[in-house]
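Copied over from TrEMBL:
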type	residues	note
TRANSMEM	A:27-44	transmembrane segment
TRANSMEM	A:50-69	transmembrane segment
TRANSMEM	A:76-95	transmembrane segment
TRANSMEM	A:101-123	transmembrane segment
TRANSMEM	A:130-148	transmembrane segment
TRANSMEM	A:180-200	transmembrane segment
TRANSMEM	A:237-259	transmembrane segment
TRANSMEM	A:271-296	transmembrane segment
TRANSMEM	A:316-335	transmembrane segment
Amino acid sequence: MLYREAGDFKTSYVADSQTFPIKFDRYRYYAVLIIGFAFIPFVINDYWVNAIFLPFLIYSIAAIGLNILTGYCGQVSLGTGGFMAVGAYACYKLMTAFPEVSILIHVLLAGGITAGVGVLFGLPSLRIKGFYLAVATLAAQFFLVWLFNRVPWFYNYSASGQINAPERTMFGVPVTGPETAAWAAYLFCLVLTVFCALIARNLTRGMMGRKWMAIRDMDIAAEIIGVNPLMAKLSAFAVSSFFVGVAGALFFAVYLGAVEVGEAFGITKSFLVLFMVIIGGLGSIFGSFAGAAFLVLLPVVLKLVGVDLLGWPTDLVAHLQLIIVGALIVLFLIVEPHGLAQLWRVAKEKLRLWPFPH
Amino acid sequence: MKKMFTTLALGAALAAGPAAADLVFPDLSYRTGPYAAGGVPFSDGYQDYFALVNARDGGIGGEKARVIECETAYNTEKGVECYEATKGEGALVYQPLSTGITYQLIPKVTADGIPLHTMGYGRTSAANGKVFSNVFNYPANYWDAASAAINHLLEENGGSLDGKKITLLYHNSAYGKEPIRTLEELSKKHGFELGQIAVDHPGQEQKSQWLQIRRERPDYVIMWGWGVMNQVAIQEAANIRFPMENFIGNWWAGAEHDVTPAGEAAHGYKSLNMNRIADLPVFEDIKKHVHEAGNAAGDGSNVGSVLYTRGMYAAMLAVEAAKTAQEIHGTADINAAQMRDGMEALEMTNEKMAALGMEGIGPEFSVSCADHGGSGQAIVQQWDANEKMWKPLTDYIDSDREVIATLVAEDSAAFAAENNISERCN
């Protein structure tokens with residue numbers, strides 16, 4: 001009954017090829033946008049924004065980035081943490097060198113710089129693939145973290161090697177620094193997340209995305225039908241790194257405010273984003289959001305239930321959390337290898353036929 | 001979706017919270033992860049002391065203390081979550097026991113008006129109260145520690161370290177990098193050669209670092225380590241037969257669990273300490289009023305250990321500051337701003353400590369508007385593997401305040417310029 005095309009007539013090709021061709025789906029999407037932009041900013045407080053919404057939005061961007069590379073183009077990457085660090089340090093250097101330029105421009109430029117670095121580390125992908133490429137990107141992860149720890153120029157020669165985000169404003173409202181209001185940080189990240197998701201969605205639907213998927217499905221066949229693997233792979237690395245860089249910049253400037261590279265952008269971050277992509281669903285933009293929401297919300301929910309509701313000791317809950325998250329990852333890989341996005345797809349199919357399944 | 005709503009409901013319940021009129025002391029602890037070995041005893045001591053004050057004295061000035069524990073796993077993201085989750089409950093002071101989380105919280109607590117006490121860790125230049133209004137790091141900070149270690153070596157060498165080679169083995173993070181600037185200054189002043197060797201988080205792999213030490217043959221190794229890194233370093237030092245008495249850890253690298261894994265080989269290892277460890281009368285009280293009543297934090301096995309004592313010392317300083325605040329403001333139910341005033345007026349004397357059943361646990365010091373750093377003294381202790389205990393080698397050693405004051409002024413001025421802070425207390 002729900003999610004049906006019946007009665008939803010398209011009179012143009014544009015209408016037919018829009019992102020959400022089913023009316024019900026489209027209205028649901030508008031409803032989510034209206035709630036996100038017009039409702040949540042008025043009710044949000046510091047706890048909600050810092051514990052749930054900022055990590056969710058920022059990890060969503062990172063997951064979209066990795067999904068483009070791994071899910072759409074089939075190039076396994078373990079360098080996400082390192083690329084996020086590039087975004088963060090690029091943003092920091094830009095923020096401190098050009099304080100009068102808008103922070104939005106700095107974040108986007110940081111994404112651009114990360115794209116350049118991503119292309120550089122994507123070059124080996126032309127010769128190696130699979131596990132071997134994963135190891136090459138792992139090298140990028142360790143090299144980049146080492147670089148930002150080793151060269152004092154990147155952290156402006158501060159005594160501790162920490163970088164701290166100074167206060168920067170958008171339209172006179174601070175969006176970085178300690179005086180930032182919850183709604184301002186939230187809206188800033190939300191705008192960038194929606195922007196990134198729209199771009200990613202449309203890129204993957206267009207010629208570029210089809211080339212990536214052709215490379216993913218069978219690179220030799222793709223080459224024979226005229227896809228240039230050099231361009232396809234490097235563009236995937238560039239676009240992916242752009243998103244990951246934007247996520248890293250926001251992670252540092254808006255969310256944490258102070259960052260230590262080894263701790264914030266270590267190998268665990270690469271794995272976390274990879275888990276998000278796998279649990280959410282490879283090759284799906286919605287899956288990136290679902291995976292990010294799952295891995296951000298789950299620990300918070302477990303903590304709320306375990307510590308605040310049941311009054312269990314904090315260490316017990318922290319250990320249980322590790323067990324539950326690990327078990328769920330294994331469970332997902334066995335039961336639904338295509339992730340939450342596939343569950344959502346199946347649910348939609350079921351809802352179409354409901355309440356009269358064949 | 002249902003989960004989302006459950007979260008919403010739970011979160012709302014949490015955000016509303018009970019409007020209790022008690023004094024809230026959040027404990028951002030870590031009982032999991034690679035640093036748990038240090039986090040557990042510290043947190044046990046911290047919580048047990050508040051439980052003792054509640055059980056024995058009926059609270060602080062008649063108000064019960066309430067400790068909210070929140071697990072950070074030494075992770076900055078979780079630290080931020082914990083801070084946001086607990087600050088709405090009327091938190092009086094934060095003690096995150098993590099330099100990374102401290103850097104995160106310094107701007108936040110200043111904006112929210114909540115004091116932050118980073119005892120012997122965190123940002124060293126926060127000792128300058130003129131710039132850092134809400135951050136306190138009494139009784140001593142990292143630069144004091146570095147200087148106290150050098151002063152101890154100076155004394156051992158008859159006042160001169162000329163031509164000696166000292167290597168700093170540090171945790172490659174904000175925490176480990178803190179002493180470098182001071183040691184560089186001191187190396188210029190005293191003419192010793194300073195080597196720096198970094199160990200990456202979490203520090204389980206140090207073979208190459210110790211090979212380098214074996215090759216370079218420094219006269220002394222100073223270690224800025226924490227968590228599993230300490231145990232590994234001491235074991236590796238034993239493996240290359242580095243003389244233990246020439247190996248000095250800072251006060252976060254000098255607990256029982258750091259030396260016991262190496263067994264006999266750790267005999268003679270030295271470390272700094274900012275508080276004395278002894279069989280204090282207060283432990284009897286804790287056992288009687290807290291542990292026997294079944295309210296022990298953790299498993300209750302850590303009483304009297306180095307970090308337990310330090311956690312208890314941290315709680316005691318918080319309680320004394322709260323008492324001072326109650327006196328200043330004439331109300332028992334103080335808020336965070338009043339607590340800050342109490343911390344700024346805190347005075348620790350030997351009589352006060354003796355009356356609390358902790359005679360000589362820490363140095364005497366007083367805090368003022370301009371000076372949030374305390375006396376900056378430390379003792380040197382040595383591990384006796386036969387008796388399985390730390391033995392104090394020295395009384396409180398003064399640090400080189402002249403060198404440190406210049407560095408603190410420099411670093412805090414840079415922070416003030418970056419953040420447009422004008423100096424207070426003038």
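Including glycine, each Cβ sits where the backbone N, Cα and C put it.
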Candidates A:27-44, A:130-148, A:180-200, A:271-296; stretch with most C-beta pairs under 8 Å toward the transmembrane segment (A:50-69): A:271-296
For the transmembrane segment (A:237-259), sequence-distant contacts whose Cβ falls under 8 Å of one of its Cβ atoms, 6 or more beyond its ends: 50, 54-55, 57-59, 61-62, 64-66, 68-69, 73, 75, 77, 80, 83-92, 95, 103, 106-108, 110-119, 121-122, 125, 162-165, 168, 175-178, 180, 185, 188-189, 192, 196, 200, 203, 208, 265, 273
Tertiary contacts of the transmembrane segment (A:180-200), as residues 6+ beyond its ends and Cβ separation under 8 Å: 33, 36-37, 40-42, 44-46, 48-50, 53-54, 57-58, 60-61, 64-65, 67-68, 103-104, 107, 167, 170, 173-174, 239, 243, 246, 250, 254-255, 285, 289
The transmembrane segment (A:76-95) in contact with the transmembrane segment (A:316-335), cutoff 8 A, at least 3 CB pairs, sep 6+: no
Beyond the flanks of the transmembrane segment (A:316-335) by 6 or more, those residues with Cβ under 8 Å of it: 275, 278-279, 295, 298-299, 302-303, 306-307
Non-local residues, at least 6 beyond the ends, that sit with Cβ under 8 Å of the transmembrane segment (A:130-148): 75-83, 85-86, 89, 117, 121, 124, 154-155, 261-262, 265-267, 270
Folded-back contacts onto the transmembrane segment (A:271-296), same chain, C-beta under 8 angstroms, at least six residues removed: 52, 55-56, 59-60, 62-64, 66-67, 70-72, 77-78, 80-81, 197, 200-201, 204, 213, 216, 244, 325, 328-329, 332-333, 338-342, 344
